[in-house]
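Asks: If you scroll down you'll find the structure; I have some questions about it.
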Amino acid sequence: MSEKHPGPLVVEGKLTDAERMKLESNYLRGTIAEDLNDGLTGGFKGDNFLLIRFHGMYQQDDRDIRAERAEQKLEPRHAMLLRCRLPGGVITTKQWQAIDKFAGENTIYGSIRLTNRQTFQFHGILKKNVKPVHQMLHSVGLDALATANDMNRNVLCTSNPYESQLHAEAYEWAKKISEHLLPRTRAYAEIWLDQEKVATTDEEPILGQTYLPRKFKTTVVIPPQNDIDLHANDMNFVAIAENGKLVGFNLLVGGGLSIEHGNKKTYARTASEFGYLPLEHTLAVAEAVVTTQRDWGNRTDRKNAKTKYTLERVGVETFKAEVERRAGIKFEPIRPYEFTGRGDRIGWVKGIDDNWHLTLFIENGRILDYPARPLKTGLLEIAKIHKGDFRITANQNLIIAGVPESEKAKIEKIAKESGLMNAVTPQRENSMACVSFPTCPLAMAEAERFLPSFIDNIDNLMAKHGVSDEHIVMRVTGCPNGCGRAMLAEVGLVGKAPGRYNLHLGGNRIGTRIPRMYKENITEPEILASLDELIGRWAKEREAGEGFGDFTVRAGIIRPVLDPARDLWD
């Protein structure tokens, strides 16, 4: 489809100010170190406001009290969000205990937020605690480097507790890819870890002096689970196994979900299949994809800078041929693979290594001690006795991994007493939201705070129509940037204004089809009225095993998105 619309390999024109900022930053140093010592403001100023993102942080403020503080002639209550680099979501219990302590003692909100990028975030870090958080992470072998802005972000890997050997191999590749694509600048170590400046010239052989044109996301996925939502990502390595052993990857490039309301030059896009590669070429191919996007990505318009737009501009075959040239390989034909689901298997699963794995449902990934549900304390107690590790899933849940039979009852007791194993409906298990208000500066409508009561209402509709044992993949994102991955849901709500959302329908359960907007700028009662009617029809008219999204397409309720670059907005 893309070959009909070839365009220039490099977009000429005035570069965005972000490109100026990166070029002048002295390899991401800026004046962050000096800004840290400025006690007159709780935030970072000028270019540093954006540069700290390369160091894994976003400057935010509490939007619930923004107007009140403005009336009092006070600056916004600035605080940082920090996102950890955690390839594949694996974290040791020692590391967990350290982040639990920091969250409780040094953040405004006191919580740990699991994200659908398979890592954790701290919200509400005051400026005085910014350096200590990086030093705490370093002390337990973690960092926040390259988890935001124009770099390869946290690398995802399917959380598959059953196929323990295959997961271990895939996870190792996720770590290798993450390390290979990290920036080489010593700015992070100098600013946060007080490491000495080395008298050598900085070089960025892969990312370049101005880094990537836009954010870049990578996954390693183990079929038949598509829990990491590969089509939301720029570069995806689909594991191909023979006799339970990893032999190579299918490569898919150019997925991405972010759009802008009303801007038809923006669109969500599923990733394109490039071909199969043996394991030994993995890092060379990863580097070739990244450097091709580095050189060809649009640096004149950040809203059109991601890999998906580059593919559509130059053509899939042209981009693929350049990757082959740079990597020195020829892709083999795609090997067969299929996806059957995206959800986590909540509860106990026994692995082929005879260890047990307990997947805990964490609503919206928010770990905090609630009345009668001390989730944070419960997980801390488990971390103190568990000999295995924890694994954060791309569905914002947590796996207590590698539990021997002898420890199973002890861990289950703590989990149950802490409310970590409370029964939830299949619908709630398969619903997700981004953070949105009060901390996200881009939020247009509620998401995390909206979802629990919204799902109460959806559960009532499911019961009304006799489908309580079923689920619809349902997601809410507070703005069209799409962190909640609503643009791969069967039912996606995209925030438009306070209390109002665009309702998207027609995605599928396995995450391989983009949903289309069904109704625009509507309220929760209007959303529920529409879904009441549609769930009722699905319950009565569906075919055997037919998911809600597939039904809405087959029944003619919504047209499927076949070529999102050209028909998403039709």
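Heads up, the Cβ atoms here are built off N, Cα and C, so glycines get one too.
Heads up, here are the entries from Swiss-Prot:
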type: BINDING; residues: CYS434, CYS440, CYS479, CYS483; note: [4Fe-4S] cluster binding site
type: BINDING; residues: CYS483; note: siroheme binding site
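Could you place the listed features in the three-dimensional structure?
Replies: In the three-state DSSP scheme, CYS479 ([4Fe-4S] cluster binding site) is classed as coil. Around CYS479 ([4Fe-4S] cluster binding site), the same-chain residues at least 6 positions away in sequence with a Cβ under 8 Å from its Cβ are SER436, CYS440, LEU442, ALA443, MET444, ALA445, VAL494, GLY495.
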Asks: Test of understanding: give the count of other CB atoms lying within 10 angstroms of the CB of CYS483 ([4Fe-4S] cluster binding site).
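Replies: So the Cβ neighbour count for CYS483 ([4Fe-4S] cluster binding site) comes to 23.
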Asks: Give me the sequence-ordered set of same-chain residues, not including CYS434, CYS440, CYS479, CYS483, with a C-beta within 8 angstroms of the centroid of the [4Fe-4S] cluster site's C-beta atoms.
Replies: VAL435, SER436, LEU442, ALA443, ALA447, THR477, GLY478, ASN481, GLY482, GLY484, GLY495
Asks: Would you mind listing, in sequence order, the residues at least six apart from CYS434 ([4Fe-4S] cluster binding site) in the same chain with a Cβ closer than 8 Å to its Cβ?
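Replies: Set apart from CYS434 ([4Fe-4S] cluster binding site) by at least 6 residues yet with Cβ under 8 Å, we have ASN116, CYS440, ALA447, GLU448, VAL476, THR477, GLY478, CYS483, GLY484.
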Asks: According to DSSP, which kind of secondary structure is CYS440 ([4Fe-4S] cluster binding site) found in, if we only use helix, strand and coil?
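Replies: Its secondary structure by DSSP: coil.
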Asks: Going by DSSP, is CYS434 ([4Fe-4S] cluster binding site) part of a helix, a strand, or coil?
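Replies: DSSP call for CYS434 ([4Fe-4S] cluster binding site): coil, neither helix nor strand.
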